[in-house]
Amino acid sequence: MELKTSDVAIRLGVSPKTIQRWVRKYNIPLRRNEAGHYLFDEKTVALLERVKFEQGAAMEAPPTPKRPPTPLRNNIPIDALHESIEPEIARVSSRLDQLERQLEQKADDVVSIQLLHHRQEMEEIVARLTALEQLVARLEQQLNNRPPSSHETSDEPKQKRRGLGRVMGLFA
């Protein structure tokens, strides 16, 4: 079974770059695929596991005691440095608060203007709808109040005009 560098790295719990570095450092002979990537077999993986174990043992050194951080920075006591920076921090903080308030105010203004425009559009639509309703009601009333015309009530069929109708039909 042949494995790629990333597969071996996952198996050993190290990065692919570490695998490549070990291959170069220890001159491990490997085959390459057509893309130039290393191909590892089980024997090589076992060798790399041994390298990892040896590297891990060599890397494990006795822990060095941690020293407390030095209280001086550039020969200036931290308290003095803190005192000199504190007014600047307060100024920046107040400016930030002011900018946040301005931003909120602008956002509120934009929303208010948008609501005003939407309200005006809605009022225009309602006015148009009311006018259309009135027009429809007036037309219905006119239709109901209109006396029936003579041509609508006659039950007699129209007499056909023979010659002129045919000639006129040709031009229509």
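Using the three backbone atoms N, Cα and C, a Cβ is placed for every residue, glycine included.
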Candidate ranges 5-25, 26-46, 89-109 [criterion: Swiss-Prot lists as DNA-binding region]: 5-25
The coiled coil (83-146) [mean pLDDT, rounded to integer]: 93
DSSP-derived helix, strand and coil totals, residue by residue, for the DNA-binding region (5-25): 18 helix, 0 strand, 3 coil
